Amino acid sequence: MKALRWLDPPEGPAIALLDQTRLPDEEVTLVCRDVPSLVAAIRSLAVRGAPLLGIAGGYGVALAAALGTDVQAAAEEVIRARPTAVNLGWGARRVLSAYAEGRDPLAEAHAIAAEEDEASGRMGEYGLTLVPDGARVLTHCNTGALAAGGHGTAFALVVAAHRAGRLKHLWVDETRPLLQGARLTAYEARRHGIPYAVLPDNAAGSLFAAGEVDLVVVGADRIARDHSVANKIGTYPLAVLAHHHGVPFVVVAPTSTFDPDARTGGDIPIERRDPAEVTFIGGRRVVPEESPAYNPAFDVTPGHLVTAIVTEQGVITRANGGNLGLLGGTASDNAGQ
Ligand SMILES: CSC[C@H]1O[C@H](OP(=O)(O)O)[C@H](O)[C@@H]1O
């Protein structure tokens, strides 16, 4: 399953997307033949997920170059599409730099996609070292191949644990209001034959209280230098629950999600989305007419609540003083972390 593909002529130049707003019922391909249509797809979450947005941002700039349109303006338009996932700007700026230096922008966009595929495999390997046998894992939102390269980020850890026979069960937070967990993570879990159950976000606490969660794994949209983690709204409460119940809370993200310009979580812009995403369900209003609604798309988990950050370069744990220095070596070297 490819969430995003570049189309060369004669089909392209274009970017083919698996329209995630139509999943899980319909697998519809959306073909973006210009940057405005890609920006609209990013804003509607037809394409989403921090690392995948980095890939999309890169191909968006490459598309502008292939079409002979204003590449700088295209990059700025793509970067403005969503504010929180640092990867979007990172991917667009990296391809823009290649173009400015006279290098092939499409080759650079392909390189980003290949690197994120490789990163996913390594995060799965490193993440596996943190998974106990018979683990009941809880995850939030969607962090699979619909959100990143390869098998994803946190979901790559889940797939690795399943293949190693260490995963007893996957708890999937539905992830209101856009239901990335119920619609997308459940879709991916079924494709992998992973035993799972979907739960209302507000049921997670009762699972912790019943001792039914051994590990929490989530993705990230931006990680600040103090290890504050911006991720889908509802992540912070899970970190507090995990801390209270002594359950490891693990973030899985490629180094393209780290923002050295964000000193603390307070420096991370939080996207505010249309209140109608809260007040309407399935096209039906579920609140009194004209009810106001609060709809932040992300929250920030402070670093002291994060047990470990798994990257493609290794595992960051509090054992290394909580700095951004990565533990090197192989995945097995980190087994004891
Ligand atoms: C692979 S981490 C993806 C990250 O992005 C998601 O947000 P959205 O669905 O709004 O793009 C969510 O925060 C995931 O953890």
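Just so it is clear, glycine is given a Cβ too, placed from its N, Cα and C backbone atoms.
In the three-state DSSP scheme, Asp221 (active site, proton donor) is classed as coil. Annotation comment: TrEMBL describes Asp221 as active site, proton donor.
Long-range neighbours of Gln180 (substrate binding site) (same chain, six or more residues apart, CB within less than 8 Å of its CB): Arg48, Cys141, Asn142, Lys232. TrEMBL lists Arg48, Gly49, Ala50, Arg82, Gln180, Asn231, Lys232 with the feature substrate binding site.
Under DSSP, Cys141 (site 'Transition state stabilizer') is assigned to coil, being neither helix nor strand in the three-state scheme. As annotated by TrEMBL, site 'Transition state stabilizer' applies to Cys141.
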Contacting binding-site residues for ligand 1, chosen from Arg82, Gln180, Lys232 when the Cβ sits under 6 angstroms of any of its atoms: Gln180, Lys232
Residue pair Asn231 (substrate binding site), Asp221 (active site, proton donor) - Cα distance, angstrom, rounded: 5
Residues within 8 Å of the Arg48, Gly49, Ala50, Arg82, Gln180, Asn231, Lys232 Cβ centre (excluding the substrate site residues themselves): Leu53, Thr84, Ala85, Cys141, Asn142, Ala147, Gly219, Asp221, Ala297, Phe298
C-beta crowding around Asp221 (active site, proton donor), within 10 angstroms: 31
Count of other CB atoms lying within 10 Å of the CB belonging to Cys141 (site 'Transition state stabilizer'): 29
Spatial separation of Ala50 (substrate binding site) from Asp221 (active site, proton donor) - C-alpha basis, Å: 5
